[in-house]
Amino acid sequence: MLTVDQGENEGEKDKGSVEVGGDEEGTQQQDSQPMLADGLADRGPKSLTSSSGQQVSNGFTTSTPQSPREGPGTAACAAGTAPGPGGGTGSLAPLGGLRTLVVQQTSLERPRETWSKKMDFLLSVIGYAVDLGNVWRFPYICYQNGGGAFLLPYLLMAVFGGVPLFYMELALGQFHRSGCISIWKHICPIFKGIGFAICIIALYIAFYYNTIMAWALYYLLSSFRPTLPWTTCSNSWNTANCHRYMSSDHNVTWSNWSTSPAEEFYTRQVLQVHRSPGLHQLGSVSWQLALCLLFIFTIVYFSIWKGVKTSGKVVWVTATFPYLVLLVLLVRGATLPGAWRGVVFYLKPDWEKLLSTTVWIDAAAQIFFSLGPGFGVLLAFASYNPFHNNCYKDALVTSSVNCLTSFLSGFVIFTVLGYMAEMRQQSVDAVAKDAGPSLLFIIYAEAIANMPAATFFAIIFFLMIIMLGLDSTFAGLEGVITAMLDEFPHVLAKRREWFVFGLVCVCYLGALSTLTYGGAFVVKLFEEYATGPAVITVVLLEVIAVSWFYGTQRFCNDIQVMLGFYPGCFWRVCWVAICPCFLLFIIISFLAFPPEVRLFNYHYPPWTTVLGYCIGVSSFICVPAYMFYHLLNAKGTFKQIHSGSRLSVHSQGLPSSAST
């Protein structure tokens, strides 16, 4: 058996194997798994490299240069040619009394797209991981769970849970060069339902996540005024309970029923939740928000319609601009009176809270949703990398940037909250009672309105919110697009633009319920139930499938072929034991302590809990459903079924790490 290393096309290498016997024609076999012979070239004892860069595993060098796979395969020869199956031709060239078969193999498939630059990939991953949750969720959870003491469980959960999962997905995507659906034919076909579940979860996220950007766009457009509309109580949407409550307003009496102009602008003008009694009666669609969301999705479409070549350029703006704004707001916040009160409140450790299980649950959930494994995005982004790209280094760099951004955002938020507490002559705790989007759209918006140059700071702040959200939307939809194009290449590969257009239209129509007067209640329901428990369960199954079914040793061998070094004991232990326990801990805690869902003064009735779990199960049900379908249609023993897609290469004398 003679194995030939065929050449490289944008970082991916193909293999061909030819049986040679006397003067008989060679039989050429194609395989879709990248880098089979490449790993052997580095490790095989007889591998040699010719001046043209081609390698033959039996020690002989080829006599023709490599060429990319761009058309029907041909084989050049000095003595003569013989046609091979599939359009290729083979040749036997005499070499010192021995014959060397020279094969040039090409694939009929379109070459896979790659990133134009390494920074395109890094910025895309950072833009995906650093999202709105870094700005509002981390600071709130940090001060709520012991301030500086919370950093200890947060870092432990990151080191032993979040980063290993992050690294695992980058390595899987880069090695197999597939999206979250088709990758399972290389790993464990019976778990292919995980890919479909991930795509459904990504759609649910697109249904509500972009609505938050529509709110920010509404604020941005409202900021182009000399006086920001959420600073006064004389507008048409204000009520008699509206009062400015700052230290300069000496004639104002604040009561439990009083509301600030920022709160009324958010609830009564932007959301208009006062027109909806609850989820049972959402009301009409707000045409203003519908237009804002249409504009957001228009930007999304023209950023991703051509693939990573275009989105990789857009993130140079959308991923870097938020850091510039964060630095500007940090400097401005640090110069405000009372800023130190907010910083002390943010970082003052309360070590006793570490004895509470809730703190560790929040730390695990925060790092998981912040880094974002399990959404198919890291698999998709890494699949466009060159095969030998150092994804290990990328995982460490991008995850570190993400965690540091969360920490930096805490200073940006709490310096302003300290300023608000100073102006209101209240404690920081009383000012920071709002969590989630309300922290940005009410508290922070009100603080900006009371700063000098309020219009300027309002414009850059809400631009930052929009760009943080856009990066995550680009990534989430790209995960779905890559998965579907890889799974159905003959149908969708040449129709990417139309498929992306259809996907964006589906997302917009699915988001209409979040644009109603009660849309904020729908956003909260999706946020709590549609994504959290389902995606954690999916990632748990993913880790089990890779570590226990595909095998940690095989996975580590793949990484060694790809990166040139074998993962250390720490990573192997994390993938086999710690990460599954980490994810199981989050799932059990969610089931044992279900969140009390409420928004403003609306308490979600019990039937909404049932509805929420049904939405979550609707995505996860793809996993057992596909298992059942696969078992019904597959032939052979169970062991053969779950490993049926992995090609048997041991008969060729190849190591298991080269198998697909």
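Yeah, the Cβs are placed from backbone N, Cα and C, and that goes for glycine too.
As written in TrEMBL, here are the features:
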REGION    1-90  region 'Disordered'
COMPBIAS  47-67  compositional bias 'Polar residues'
COMPBIAS  71-82  compositional bias 'Low complexity'
TRANSMEM  121-139  transmembrane segment
BINDING   Gly127, Ala129, Val130, Asn134, Ser370, Asn402, Leu468, Asp471, Ser472  Na(+) binding site
TRANSMEM  151-172  transmembrane segment
TRANSMEM  193-221  transmembrane segment
DISULFID  Cys233-Cys242  disulfide bond
TRANSMEM  285-302  transmembrane segment
TRANSMEM  314-340  transmembrane segment
TRANSMEM  360-384  transmembrane segment
TRANSMEM  396-421  transmembrane segment
TRANSMEM  441-468  transmembrane segment
TRANSMEM  498-523  transmembrane segment
TRANSMEM  529-550  transmembrane segment
TRANSMEM  570-590  transmembrane segment
TRANSMEM  610-632  transmembrane segment
Top partner of the transmembrane segment (193-221) among 498-523, 529-550, 610-632 - counted as Cβ pairs under 8 Å: 498-523
Stretch with greatest number of CB pairs under 8 Å, the transmembrane segment (396-421) reference, 151-172, 285-302, 360-384, 529-550, 610-632 candidates: 151-172
From binding-site residues Gly127, Val130, Ser370, Leu468, the one whose Cα lies nearest Cys233 (disulfide bond): Leu468
Residues from the same chain, set at least six apart from the ends of the transmembrane segment (121-139), whose C-beta lies under 8 A from its own: 115, 212, 308, 311-312, 315-316, 318-320, 322, 346, 366, 369-372, 377-378, 381, 384-385, 389, 394, 397-399, 401-402, 405-407, 409-410, 412-414, 435-437, 439-440, 465, 468-469, 471-472, 474-476
Spatial separation of Cys242 (disulfide bond) from Ser472 (Na(+) binding site) - C-alpha basis, Å: 36
Integer Å distance between the CA atoms belonging to Gly127 (Na(+) binding site) and Cys242 (disulfide bond): 38
Distant-in-sequence Cβ neighbours of Val130 (Na(+) binding site), under 8 Å, six or more positions away: Ala319, Pro322, Val401, Asn402, Thr405, Leu468, Asp471
Ser370 (Na(+) binding site) CB neighbourhood, other CB atoms within 10 A: 22
For the transmembrane segment (151-172), distant same-chain residues with Cβ under 8 A (at least six beyond the ends): 142, 183, 187, 354, 359-360, 363-364, 366-368, 370-371, 373-374, 378-379, 381-382, 391-392, 394-396, 398-399, 403, 407, 539, 543, 546, 555, 558-559, 562, 571, 574-575, 578-579, 582-583
Region pair the transmembrane segment (498-523) / the transmembrane segment (360-384), three or more CB pairs under 8 Å: no
In the chain carrying Gly127 (Na(+) binding site), residues 6 or more apart in sequence that have Cβ under 8 angstroms from it: Val315, Thr318, Ala319, Asp471, Ser472, Phe474, Ala475
